[in-house]
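**Student:** In case it helps, TrEMBL gives these features for our protein:
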type     : residues : note
TRANSMEM : 12-36    : transmembrane segment
DOMAIN   : 13-267   : domain 'G-protein coupled receptors family 2 profile 2'
TRANSMEM : 48-66    : transmembrane segment
TRANSMEM : 78-103   : transmembrane segment
TRANSMEM : 115-135  : transmembrane segment
TRANSMEM : 155-179  : transmembrane segment
TRANSMEM : 212-229  : transmembrane segment
TRANSMEM : 241-265  : transmembrane segment
Amino acid sequence: MATVLSIHDRRILTALNSGASSLSFLGSGFIVLCYSLFKELRKFSFKLVFYLSLSDMLCSFFNMVGDPSKGFFCYAQGYTTHFFCVASFLWTTTIAFTLHRTVVRHKTDVEDLEAIFHLYVWGTSLVMTVIRSIGNDHSHLGAWCWAQTGRTGKAVHFITFYVPLWGAILYNGFTYFQVIRMLNNATRMAVGMSDRAYQFDARTDMKALNRWGYYPLILIGSWAFGTINRIHDFIEPGHKIFWLSFLDVGTAALMGLFNSIAYGLNASVRRAIYERIELFWPERLQRWFPNSSRYRNQQQQSELISLKIQDQQ
């Protein structure tokens, strides 16, 4: 344990932040590009993923451009990163809400709630960012621009970011648990009735939902070390732990990459990419990939939202 971070340690953290944020920027930017290029992806289910990826992309971008040695750019980075990172995990709650409303409550009006989703996400992010300025100590800039240095500022930062973050994690976990439990019950009923067609549909839904159950772990993995580091820094402000700061910066900056892989690279996206590549793939080479036909013949299946919404509309 060191009392302060050395210049060398700060340079390592800055380089780590830039490198990890670059990966997140590329990953989330790829999902944004796919949504822009492929018209078949422009459905409400994937539109929420687009907004999530857009928030992650901007969060990563501003996370890269800040410089702790330059006051204005550091403050700009701190506030913009706070805004878009809050927006990112709030968009995951809208995805969880959509799943719950569609699968559990059997509602088909989620598309009508898009304006409310925008007001909720961007409005809450703006309020949290404005409140964050309370108690900010402008006399010292720390190793990076994400955390505040004043004791009051640290408390406000924790309240305006980590409290809603863990609220989102708990909400997502509870929601996915309810959805998975309902489909588990439906699967057992289908087995009892020997309804093979329904059994197939239920197994398909469960395959997707078993993955969705891990999505809250993305936020936990991205921000667990950051939460511990903030608490430790508040209790022991004169002692910095380099390895904890290293894990804090690295995992938080990778959130966009994790989200782009989990939420964005689903079967629909892979199929759209494959179909575009196949257009330019020489026919004489296609015989070397006999499994390619299964991608053309398989039914359209979403690993994110099996959108019974679209079937019910």
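Placed from the backbone N, Cα and C atoms, the Cβ positions cover glycine too.
Here the structure is a predicted model, which means the values were calculated and not measured.
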**Student:** By a Cβ-Cβ criterion of under 8 Å, what residues six or more beyond either terminus of the transmembrane segment (115-135) are in contact with it?
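**Tutor:** Same-chain residues near the transmembrane segment (115-135) but 6 or more away: 48, 51, 55, 79, 82-84, 86-87, 90-91, 94, 148, 150-153, 155-157, 159-161, 164.
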**Student:** Would the transmembrane segment (12-36) count as touching the transmembrane segment (78-103), i.e. at least 3 C-beta pairs under 8 angstroms with sequence separation of 6+?
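**Tutor:** Per Cβ check, the transmembrane segment (78-103) does not touch the transmembrane segment (12-36).
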**Student:** Could you give the residue numbers and ranges of same-chain residues that sit at least 6 residues beyond the transmembrane segment (212-229) on either side and whose C-beta is under 8 angstroms from one of its C-beta atoms?
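**Tutor:** Same-chain contacts beyond the ends: 89, 92, 96, 99, 162, 165-166, 168-169, 172-173, 176-177, 179-180, 241, 244-245, 247-248, 251-252, 254-255, 258-259, 262-263, 304.
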**Student:** Do any residues, 6 or more residues outside the transmembrane segment (48-66), come within under 8 Å Cβ-to-Cβ of it, and if so which ones?
**Tutor:** 17-18, 21-22, 24-25, 27-29, 31-32, 35, 73-74, 76-78, 80-81, 84-85, 87-88, 91-92, 94-95, 98, 117, 121, 144-146, 253, 255-256, 259-260, 263-264, 304
**Student:** Taking all residues of the domain 'G-protein coupled receptors family 2 profile 2' (13-267) together, what is their mean pLDDT?
**Tutor:** 83
**Student:** Grab the same-chain neighbours of the transmembrane segment (155-179) for me: Cβ-Cβ under 8 Å, and only residues 6 or more beyond its ends, written as numbers and ranges.
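**Tutor:** Sequence-distant neighbours of the transmembrane segment (155-179): 82, 85-86, 89-90, 92-93, 96-97, 99-100, 103-104, 124, 128-129, 131-132, 134-136, 147-148, 209, 212-213, 215-216, 219-220, 223, 226-227, 230-231, 234.
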